[in-house]
Amino acid sequence: MSEEAAYQEDTAVQNTPADALSPVESDSNSALSTPSNKAERDDMKDFDENHEESNNYVEIPKKPASAYVTVSICCLMVAFGGFVFGWDTGTISGFVAQTDFIRRFGMKHHDGTYYLSKVRTGLMVSIINIGCAIGGIILAKLGDMYGRKMGLIVVVVIYIIGIIIQIASINKWYQYFIGRIISGLGVGGIAVLSPMLISEVSPKHIRGTLVSCYQLMITLGIFLGYCTNYGTKTYTNSVQWRVPLGLGFAWALFMIGGMTFVPESPRYLVEVGKIEEAKRSIALSNKVSADDPAVMAEVEVVQATVEAEKLAGNASWGEIFSTKTKVFQRLIMGAMIQSLQQLTGDNYFFYYGTTVFTAVGLSDSFETSIVLGIVNFASTFVGIFLVERYGRRRCLLWGAASMTACMVVFASVGVTRLWPNGKKNGSSKGAGNCMIVFTCFYLFCFATTWAPIPFVVNSETFPLRVKSKCMAIAQACNWIWGFLIGFFTPFISNAIDFYYGYVFMGCLVFSYFYVFFFVPETKGLTLEEVNTLWEEGVLPWKSPSWVPPNKRGTDYNADDLMHDDQPFYKKMFGKK
């Protein structure tokens with residue numbers, strides 16, 4: 001039993017919804033960093049076992065869903081940062097096909113027409129990902145220095161500065177390019193701090209759902225971005241692209257205003273000595289009085305956590321490479337999950353959807369993009385339910401398998417049936433419609449599984465002591481792959497057309513096996529329990545059977561989950 005669990009029992013607190021907050025997790029982090037406490041933890045464990053029957057546990061009660069409306073609205077406001085990024089993704093896909101944008105930032109043919117070269121298109125679309133990667137690593141530290149809430153406000157302001165530079169661009173493509181980099185810095189900070197703050201203020205039994213709302217907001221932003229492009233496409237001047245950019249400015253201001261009503265992370269408040277505010281934050285999230293004994297006990301646990309962290313000193317970058325505490329293994333897993341989210345191929349459709357569906361012969365590819373945006377947004381609601389109903393691991397496995405099937409059909413039809421008489425002799429309408437249908441199936445599978453769940457997994461996995469650093473690195477991997485896919489897609493598509501889909505198919509097959517062998521199930525666990533699961537070295541494919549130490553019966557054998565003398569593949573293919 002961890003030091004925190006022993007402390008909780010000694011203070012008559014066990015398994016409260018507030019355990020889902022990162023501050024609770026941090027005590028386990030301090031235990032990771034101060035192994036000299038082991039003897040003390042063992043003594044406390046013996047004490048608890050001798051007094052377990054006499055303890056009267058105080059817990060913050062689980063309430064009906066209607067009781068969590070306030071915390072849900074607050075988390076949606078934090079998740080609105082995802083809307084900002086989704087808006088950019090949805091609008092840029094249309095900008096590169098709009099006449100005024102091409103005339104201002106493109107190059108001129110000998111016949112007087114304008115065009116965007118593949119290099120310039122790739123850079124203007126994907127460079128925001130480089131800004132995001134840098135911003136996530138550098139600006140996420142603001143959340144540790146000034147609080148998650150103030151850190152979010154600062155990075156949104158940086159995003160606004162980038163938007164202003166883009167709007168002010170007249171005919172210099174590199175000015176627009178610089179503006180997108182600066183906006184990317186802000187979006188990168190948002191992508192780390194938004195899920196982090198949501199996970200720290202959410203009750204444990206709805207944490208996965210509320211963190212998934214970040215992805216829901218991304219899909220809403222993409223959809224409304226598509227709709228705005230459709231509404232401005234008939235204009236022949238800069239209204240085509242400046243109005244969507246101006247609305248992006250307005251959305252960012254709206255988020256800043258909404259953040260004033262969001263509670264700060266209780267852990268940060270305790271760390272800076274604002275105990276009463278920490279009580280109010282926990283009480284607001286769990287719909288109880290700030291004077292409730294369970295809230296007061298929870299704050300005491302957080303205080304003990306903060307003191308333990310201070311004794312251990314500041315976390316260094318070197319700690320993220322610790323294999324003894326399994327931090328490095330978690331970092332590799334988080335980085336892989338975020339990378340594989342991009343390698344599923346979703347941004348192939350989101351960044352270049354308008355261009356792709358022009359290629360399949362559709363007369364109005366902007367309308368098709370709107371349809372895809374609706375499918376993506378509506379499907380994410382299903383994903384919010386699935387993540388808590390079936391768990392993170394099972395959803396990722398089924399998502400990878402179903403997306404593989406959809407991508408095989410999409411690519412095969414594009415390669416063999418789209419141009420029956422050659423690429424220059426027109427496309428088959430039936431084949432094009434088939435590709436659209438399976439693209440919708442693909443987006444449904446993506447939106448319900450691989451779109452929201454990587455954010456959930458990363459927000460739950462890392463010890464609080466190194467959480468901001470690890471989340472920033474993992475998210476940076478996502479952005480870097482986003483840049484590579486966004487930049488090279490025009491070249492690859494031009495060279496191999498829809499054979500490109502087979503590349504994503506291979507990545508999806510790899511994703512399935514990676515999740516099976518390396519991603520544990522964390523559904524229904526507090527952040528501290530997730531930490532214990534990793535410390536115990538539970539095999540990922542056995543993790544759904546894992547039980548936290550304070551809930552185990554006498555017949556529970558934890559060793560059975562830590563090794564597999566005859567795994568399924570040996571049983572299937574080995575000698576009988």
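Glycine is no exception: its Cβ is also placed from the backbone N, Cα and C atoms.
What Swiss-Prot lists as compositional bias 'Polar residues' is 25-37. Residues or ranges marked as compositional bias 'Basic and acidic residues' in Swiss-Prot: 38-54. Per Swiss-Prot, the feature ubiquitin cross-link maps to LYS45; the stated evidence is similarity to another entry. Taken from Swiss-Prot, the feature N-linked glycosylation site applies to ASN425, supported by sequence analysis. What Swiss-Prot lists as region 'Disordered' is 1-56. The topological domain 'Cytoplasmic' feature in Swiss-Prot is assigned to 1-66, 144-149, 202-207, 264-346, 388-394, 459-475, 519-576; the stated evidence is sequence analysis. What Swiss-Prot records for 88-122, 171-180, 229-242, 364-369, 416-437 is topological domain 'Extracellular', and it gives sequence analysis as the kind of evidence. Under the heading transmembrane segment, Swiss-Prot lists 67-87, 123-143, 150-170, 181-201, 208-228, 243-263, 347-363, 370-387, 395-415, 438-458, 476-496, 498-518, citing sequence analysis as support.
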Given a Cβ distance threshold of under 8 angstroms, which distant residues of the chain, six or more beyond its ends, lie next to the transmembrane segment (150-170)?
78, 81, 84, 104-105, 131, 135, 139-140, 142-144, 176, 178-190, 193-194, 197, 242, 245-246, 248-249, 252-253, 255-256, 259
Folded-back contacts onto the transmembrane segment (181-201), same chain, C-beta under 8 angstroms, at least six residues removed:
20-23, 71, 74-75, 78-79, 81-82, 84-85, 88, 127-140, 142-143, 148-149, 151-152, 154-163, 165-166, 207, 210-211, 213-214, 262-263, 265-267, 281, 285, 455-456, 458-460, 467-468, 471-472, 475-476, 478-479, 527
As a quick check of your reading of DSSP, tell me how many residues in the topological domain 'Extracellular' (171-180) are helical, how many are strand and how many are coil.
8 helix, 0 strand, 2 coil
For the transmembrane segment (123-143), name the stretch out of 208-228, 243-263, 476-496, 498-518 with the most CB-CB pairs under 8 Å.
476-496
Any contact between the transmembrane segment (243-263) and the transmembrane segment (67-87), i.e. 3 or more CB pairs below 8 Å with pairs at least 6 residues apart?
yes
When the topological domain 'Cytoplasmic' (264-346) is classified with DSSP, how many of its residues are helical, how many are strand and how many are coil?
61 helix, 0 strand, 22 coil
Same chain only, please: residues at least 6 beyond the ends of the transmembrane segment (498-518) with a C-beta under 8 Å from a C-beta of the stretch. Say none if there are none.
333, 336-337, 340, 343-345, 348, 393, 396-397, 400-401, 403-404, 407-408, 410-415, 418, 450, 489, 492, 540-541
Which residue counts does DSSP yield for the topological domain 'Cytoplasmic' (144-149) in the helix, strand and coil classes, in that order?
5 helix, 0 strand, 1 coil
For the transmembrane segment (67-87), I need the partner stretch with the highest count of C-beta pairs below 8 angstroms, choosing only from 208-228, 370-387, 395-415, 476-496.
208-228
Sequence-remote partners of the transmembrane segment (208-228) [C-beta within less than 8 Å, at least six residues beyond its ends]:
71-72, 75-76, 78-91, 93-94, 194-195, 198-199, 202, 243-244, 247, 251, 350, 366, 369-370, 372-374, 376-377, 379-381, 383-385, 387-388, 392, 447, 451-453, 455-456, 459, 523
Mean of pLDDT values spanning the topological domain 'Extracellular' (416-437):
73
